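Visitor: Not my notes, these are from Swiss-Prot:
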COMPBIAS  126-156  compositional bias 'Low complexity'
DISULFID  33-75  disulfide bond
DISULFID  44-59  disulfide bond
DISULFID  60-100  disulfide bond
DISULFID  73-109  disulfide bond
CARBOHYD  89  N-linked glycosylation site
LIPID     179  GPI-anchor amidated serine
REGION    116-182  region 'Disordered'
SIGNAL    1-27  signal peptide
């Protein structure tokens, strides 16, 4: 372990043990990581802060032990959620299990996390049904009615009826007036008879 990682480890241990009661600190921050768990992963601080390219064997051994005894604490470590004052690189923390040959840890941490509630559909106010909109606006519904065509009267004209009743043509054509030639010839014959009768009377007188 080089001097840089030693100083970081010492700072981590000092921050955990600076209080008179480490248990009271854990109760206040409400974390599943106990002081012994955090002290066991002090060898990972160099890798988590970008001070080393690969995690040490002590770091990987501590991670493997946490997979069986403190999975919740391990999930906090790989997600950079440990409540300590050391600046942990989140990308390096997520890649730490794979670098130690434990690639399934991030998947197990996602499976153990509580699912977020599914958001419900957004409400934009009460929706009105088509029936309500039609009943509330009778004039608007009337505007969509088809225009009614005027009904044509099927009753024949009064003039046509009067013409057909007088013997005329039902289509309204009046019959031609009777010819006056028969009556004139009849009156002419009657005049001749009267003249002959008058002549006969005068002859006998």
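Each Cβ is built from the backbone N, Cα and C atoms, and glycine gets one as well.
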Visitor: For residue 109 (disulfide bond), which of the listed recorded positions (33, 44, 60, 75, 89, 100) have their CA atom within 10 A of its CA?
Guide: 75
Visitor: Consider the recorded positions 33, 59, 60, 89 and say which one has the Cα lying nearest the Cα of residue 73 (disulfide bond).
Guide: 33
Visitor: Determine, from DSSP, whether residue 33 (disulfide bond) sits in helix, strand or coil.
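Guide: In three-state terms, residue 33 (disulfide bond) counts as coil.
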Visitor: Which of the recorded positions listed here (33, 75, 89) have a Cα atom within 10 Å of the Cα of residue 59 (disulfide bond)?
Guide: none
Visitor: Validating a neighbour-count step here. Other CB atoms within 10 A of the CB of residue 59 (disulfide bond): how many?
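Guide: Other Cβ atoms found within 10 Å: 24.
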Visitor: Would you mind reading off the Cα separation of residue 89 (N-linked glycosylation site) from residue 44 (disulfide bond), to the nearest angstrom?
Guide: 12
Visitor: Measuring Cα to Cα, how many angstrom lie between residue 100 (disulfide bond) and residue 44 (disulfide bond)?
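Guide: A Cα-Cα distance of 10 Å.
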Visitor: Using DSSP and three states only, what is residue 89 (N-linked glycosylation site)?
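Guide: Going by the DSSP assignment, residue 89 (N-linked glycosylation site) belongs to neither helix nor strand, so it counts as coil.
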Visitor: Residue 44 (disulfide bond): which of the disulfide-bonded residues 33, 60, 75 is the nearest Cα neighbour?
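Guide: For residue 44 (disulfide bond), the spatially nearest of the disulfide-bonded residues is 60.
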Visitor: Which of these disulfide-bonded residues has the least crowded Cβ, counting other Cβ atoms within 10 Å: 33, 44, 60?
Guide: 60
Visitor: Tell me the Cβ neighbour count for residue 109 (disulfide bond), meaning other Cβ atoms within 10 Å of its Cβ, over all protein chains shown.
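Guide: The answer is 19 other Cβ atoms.
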Visitor: Inside 10 Å of the Cβ of residue 89 (N-linked glycosylation site), count up the other Cβ atoms and send me the figure.
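Guide: Total other Cβ atoms inside 10 Å, all chains included: 14.
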Visitor: Under a three-state reading of DSSP, tell me whether residue 100 (disulfide bond) is helix, strand or coil.
Guide: coil
